[in-house]
Amino acid sequence: MELKMRLCVALLSLSLCLGLMGHVRAQEEADDVEMDVEDAIDDMREEDVEEEEEKAPGPPPVPTVTYRAPEPMGEHYFAESFDKGTLQGLNKRQPTTAEETDAESEVALDWEVEEMKDTKLPGDKGLVLKSKAKHHAISALLLRPFTFDTKPLIVQYEVNFQTGIDCGGAYVKLLAQTPDLDLEEFVDKTPYTIMFGPDKCGEDYKLHFIFRHKNPKTGEFEEKHAKKPDADLRTYYTDKKTHLYTLVLNPDNSFEILIDQTVVNSGNLLNDMTPPINPPAEIEDPDDHKPEDWDERPKIQDPDSVKPEDWDEDAPAKIPDEDAVKPDGWLDEEPEYIGDPDALKPEDWDEDMDGEWEAPQIPNPICETAPGCGPWERPMIDNPNYKGKWKPPMIDNPNYQGVWKPRKIPNPDFFEDLHPFRMTPFSAVGLELWSMSSDIFFDNFFVTSDRTVAERWAADGWGLKKAAEGAAEPGLVNQMITAAEERPWLWIVYVLTVALPLVLIIVFCCTGKKSPASTSAAEYKKTDAPQPDVKEEAEDEEAKEEESGLIDKHKSEDDILRRSPRNRKPRKD
């Protein structure tokens, strides 16, 4: 009985939760229908509805964050917030005549300084890449060239993929200081010292940190790529929020890459770059060749082994089962497949061109009720005498010499650079991009050697954006509902998360109450003091009940005798 009550309560609770979920979905459908009806109303009714909506109380106002343009408060080499609203000081790449006729190498000129489309911080402007499927290039000079000596390098800027990103980059280049540097001719071949920032194509999410290292022996430059971050970068490309990208290079060759002031990659220039900074001290001799008698076989066939005389290589692997018996009812004369009797020859069938027409084959319906049709054959089974082709057993090769490798010789191109941090000085910052997405928003570029100054700049710029976006975000419940609308299966998770604990609490805490008798028996005799046996107490109580019953019986008999006419006393006149 108790188990049935628990099951009933559990089913009742589950039904209640499913009913609530159905009510929510029904309410959503009702809202959708209501929206469709409102969309169908004519223009005059829409004006009335708009007036009523203006009068109706709305949600509480979102806290506002007042924007104030960041100002550099310490030593820096470059600072640009674009809040002046112009491209003054920036150099846009001008196309040549050849490029104007070459669509593939066309360079777009549509850079604009404007606010984000869905800005949460009015007054905050940035540099926006306006078009897609084109090359874009823009650059600016530093206040003074940056020289890699005893101070660290900190580069940071903000990116917002307002419309998402399909394939393209948003990385920045620190252009090397060279005598022939011309920002008006800034292209992909322009020498740079460091390339840093996000890049994505398909499902490949990258965060580049590349620097060009100069070979001290040959003077040639080679690109060195940082290892791939272990962190999942997908969210930074898809959430349409503004993110802060920071690169920190230290004179001890260590580096850190941060997104939103959180480290996502770190390492050392000497150990964590590909290809390595320093080549190997020894290399394989290209003129060394393996001797003809070099034996690399660890195992060989035993030359002394002989095939046994009873080994039959011709025995088949499968043989008919001699114990098998044809099932009763097997239809030997009926084919397994027959021509479709309902098929008709196409009207355009030409026997001269297409040959004689034959109906398509279908399973014989007569065979559906029979164990089989057609000529019966014994099933095949494994041959117990099958051994296959005989091969000598393998033994260790007594002449094994190991895997041959060319001998090592000193690397003629070897060098050892223990200070790769001392890179080529750079004097300009540039964006040279190709993207299949438009409206990429850039803001608050900053180059400095003081990390404290960089953090203050980030707090005054990106920090305000983060606060404004956070204030405009919906509450937790709205976020959960929005997520469930995109992924309906989340409703099941929500229901189970809420209903399962509730059902367990009701079943195990609110049902199955023990009776007083069982409670007294269970809690009986919990002390060390002597206690009478339960059985003896029960017998004493039964004896008392019987005795009281006899007493009541005698009293009732006496009452009857008193009331009898024979026992009444005569009345005196």
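Every residue, even glycine, has its Cβ placed from backbone N, Cα and C.
Taken from TrEMBL, the feature compositional bias 'Basic and acidic residues' covers 287-326, 546-562. Sequence annotations record features per position, and here TrEMBL assigns compositional bias 'Acidic residues' to 330-339, 536-545. Annotated compositional bias 'Basic residues' per TrEMBL: 563-573, in sequence order. Annotation source TrEMBL lists disulfide bond at Cys167-Cys201. Summarising the annotation, TrEMBL assigns region 'Disordered' to 270-344, 515-573. The signal peptide feature in TrEMBL is assigned to 1-26. Residues annotated as transmembrane segment in TrEMBL: 489-510.
Per DSSP, the compositional bias 'Acidic residues' (330-339) is made up of 0 helix, 4 strand, 6 coil. Non-local contacts of Cys167 (disulfide bond) by the CB criterion (under 8 A, 6+ apart in sequence, same chain) comprise Lys200, Cys201, Gly202, Ser435, Met436, Ser437. Taking all protein chains in view, 14 other C-beta atoms sit within 10 angstroms of the C-beta of Cys201 (disulfide bond). Here the compositional bias 'Basic and acidic residues' (287-326) has, by DSSP, the following mix of helix, strand and coil residues: 0 helix, 6 strand, 34 coil.
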